[in-house]
Amino acid sequence: MRIVSHELKRRSFLASVVAATSSALLGASGSAVASTEASAVGACDRNRVGQLVFNETSSLLNENYDRLTDDSVVFVASEDTASAGNYSNEAVPLWARDGNVFGSGSLLVNDDEDNCLDYGQDAVLLNIIDDYAGGSGHIVYDESADQGYTLDGNFSKLRDWVQEEGYSIAASEDLSADLDGADALLVTLPGEEHADDQIAAIEEFAAAGNPVFLFNEADSWDTDDLNYLAEQLGLPFRFAEDEVTDEPGWGWDDWPVTRNYDPDDDWFEYRESMGFDPGHEYEAEIVEVIDGDTFDIQIVGGYHDGEEEVVRHLGQDTPETGSTQNDSDEWRGIESESYLDDWGSEATAYAEDNFDEGDRITFWVDPNEHPPRGLYGRLLAFHTFPEDHERSAENYNLDVVEKGYAKPYNSGFVDHPEFVNAYWDAYEAGRRVWSEADAAATDEVWNEDVETLRFRGATSVITEDGSLDDDRTAVWSGGGDPLVGVDEEAGVALVGGLMNADNWEDPDDENFVFNANLAQRLSGDVDDRMLMIEGGHGQFAASYDFSFEGKEAYHRYIEGLDGMWFQAINELSSEWLDVDRGRHALVITPPDVDFCYTAEEVEALQDYLADDGAIILKANTEVDSQSVETLNELAAELGTDIRFGGANLGNVEIGSFNETFDLYDAYDSEGTSGDDPAYFDVAIDSYDETVTEGEDVTVEYTVENAGDEADTQDIVFSVDGAQEGIESDVSLSSSETFSGTFTYTTEDGDSPGIVVEVATDDDAAEREVTVEESDDGDDGDDEPVDVALDADPATEETTSFHTWTLPDPADEFDGEVDTITVDYPGGTSMDGLTDEDVAVFMDRDGDGTVDEISVNSDEYAGSTATFDLDGRFDTSVEGEVRVEVDGVVNPEAGEYEATIELAGDDFLAGDAEFVIESDGDDDGEEETTAPTIEQFDVSTRSSGPWFRVDNDWAVADDDGNLDTVVTELLDGGSVVESATSSVSGDSAEGEHELRTRGDADEVRMTVSDTEGNETTDSQSL
């Protein structure tokens, strides 16, 4: 059942595909030969909101309270897997329309379910209002019938957003007075029947052509009043007292997520709205580091100000920690899950070292991850290091992949190529989690002769002219329908079914073997083979599960074939589709309906085939027919006449093969390309992990020729990218090894570390070496550099004039100074200071007088600053050096140590101790009193599966610094639900509504003030 032009229509997979055959599919090229110019395929000009989520929604009924089947009334329906009271495993009506009156089973845009706003139903609502009102006007929110939901209490985000979009909005308790001149009306579930004059006002407003929106919610305890209004308005739909669920749905509650609406309706065009939008940056503070790839943050500013989010770091995946089990099949060349456990802890420690509670970060979402929500509603985002971190502007998500703490998580995000390159570099260098990875040692698994294949949601393959000939069919269904079509001349195959998902197939079947053989047959002899799967067109988020992730067993099978790569790619370009680099075959699965393949991407695929690459297209009956149409159009552009035919054959387990195709023996990696060329594989056997400046680093290494042919290569030793040694003309036959040692003497300035690398033409291995500073000075004197720091005034949290003095650093520093860096402890601030606030004085000739040196750097912030000296002046150190900084904000009272560094022809660092005194105001502080609970009135009611509790509360505080009121619902001492209100001043009152599907035996209320004082009371239920 799909929505087309506001009509609810049932179309089977077969019917939808066959209906398109005469136009989009079979008429796409008119020939089995690719076009001379590549053409885009798919809906490249579409810009839709994508999926909609209906939070806590009821179904809709007809005016006789039976199933709503009028095609012209349903505006949005669920997918055909949903259920509700009158519906079972079918498309359930969720949003109806009768002219300009709309009825939704869900509140859609209320504050409580803000995560759902990322799905764009708020955009649809305002698009409709824009269409009627012309982009500006006045919206009325109905509060005339004792509604339980109020504009300010439950729709404040919508209120603020529509005002920014050019509308005014106000609540009304008298529609007969307030609808005059209005442009739209919002009506939520009433608590009583609308009075006759209010109904008359609504009828008149709607009759004038203005949009009216009615909103229900799931399991409403009483829809009589809302349905009475629908009856008085003569609407052909009613609101049910049920809840619609779908699987898979949104979060834990299985709320329906759907695209079942008219895709060409302008009301569903994407617009920036209340959710997180690509292209915008957002600010947040760290609440907690959960593990290496998941943080808890609190958002600062915008519609989500003060809200707490669990952020799953987009693009990277660290090993699991705690009770979550690691799966070594996900990690190339790693067999030990306890090893992964250890590196999961290391990744968490790295995150904790770089992020503290309260640190401010910048985060953003990806345009291809829409909505930006993962499993359980977690926000998917990239973010920076903290703003006061030395790498504050860098992408933390990418950093952990570069450093080898994580592998890429291969969803559809735009910057996926950069993450994959970082992963390959870390893997080849053996960084951290990859230090013991050895794919070449992975045992061969599940590589047996093919006897049985399993296809989930099998569909037939045909040609543009009709049936597919037997000599081009590799596999048939039991009924004789072709399931796998092979076009060897074009280098393309079409597979009618899902064959490589861990949640479907058993590795003991032979799907893995068949797919590897198919890729090999189409691509021919290619060295260093890599099987790729394309994921840059929404495949990861699609319900039919045709992406890289979730293919752990297949990944391990491919890896066991002499270390072959299985890799996700999101970019279709000549760089990534490079047969000469072993990328022998590409699997393309149906794109999301909101994606297309551009002409440039199609041309890259055509060039890939021309270079003897292979492309395998896969689809099944679970896929949206529009996505299959896009694949069929792509097939035409790739020069084959084979198409997906659309016959729905169900789940098929078969053994009917065309034995003329060499696809059914166990995969033979030895026979793919004859003898493998020489490959000089590098391994670092041992090295000095920590040394002191001036000491030697010794690196012992082994190079093995892992290929079949002999070769001669140089072995190059580098430190931080600079060559430091070479072993020339090393000749090795197949499997022969060469072992050697390189030594590097560290120098001043090598701290805190260096990277040593041993490399051949084919491979490289690197290790990080910690280099500690030497305690010895140039003259053997262990005395520290004499540094004084004076703060005037030296009182806490005041703006102060700081003077740094180095009386005579000339014995420790030889030459000219380029920069001077001062590094204060945390809590000290140089925010807003410029070169006008800094003065540097130097004794340049040793005569006891100092000259002022100009500073070229402009602005400073945080607790560390580097002052660039004007290179036009002589900055030699022959006597006293003094730095004056006017405007430093002192930290809290205490004893501190700060550091000053001189760098240039030489390097010098010195520490200065300083004391900051209290401002003396503590003794005069007045004690504050705790706030009081003035009213704590609790009432309860039950509705369907829900147990509901209302708390009418009032609080006061003599000090006038109220902060927060919290009501909690408890069962056996454990909190099962809570509600929070921010308050201020000396008194406040309000209402909290809580509900649970489980048990509750206590209500607890707590009021707190800004000083941390709080008062708690509770009542038994």
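All residue numbers here begin at 1 and follow the chain in the order shown.
Any Cβ shown, glycine's included, is placed from N, Cα and C.
The annotation domain 'TNase-like' is assigned in TrEMBL to 280-436.
According to TrEMBL, the region 'Disordered' annotation covers 765-785 (among others).
Residues or ranges marked as region 'Disordered' by TrEMBL: 976-1021 (among others).
Taken from TrEMBL, the feature compositional bias 'Basic and acidic residues' applies to 989-1004. Among residues of the same chain six or more beyond the compositional bias 'Basic and acidic residues' (989-1004), those with a C-beta under 8 A of the stretch's C-beta atoms are 148, 153, 934-935, 938, 945-955, 965, 967-973, 976-979, 981, 983, 1016-1021.
According to TrEMBL, the feature compositional bias 'Polar residues' maps to 1007-1021.
Beyond the compositional bias 'Polar residues' (1007-1021), the same-chain residues lying 6 or more positions past its ends with a Cβ under 8 Å from any Cβ of the stretch are 928-933, 936, 938, 940, 949, 955, 957, 959, 961-966, 983, 1000-1001.
Counting residues of the compositional bias 'Polar residues' (1007-1021) by DSSP class, helix then strand then coil, yields 0 helix, 10 strand, 5 coil. Mean pLDDT across the domain 'TNase-like' (280-436) comes to 93 in this model.
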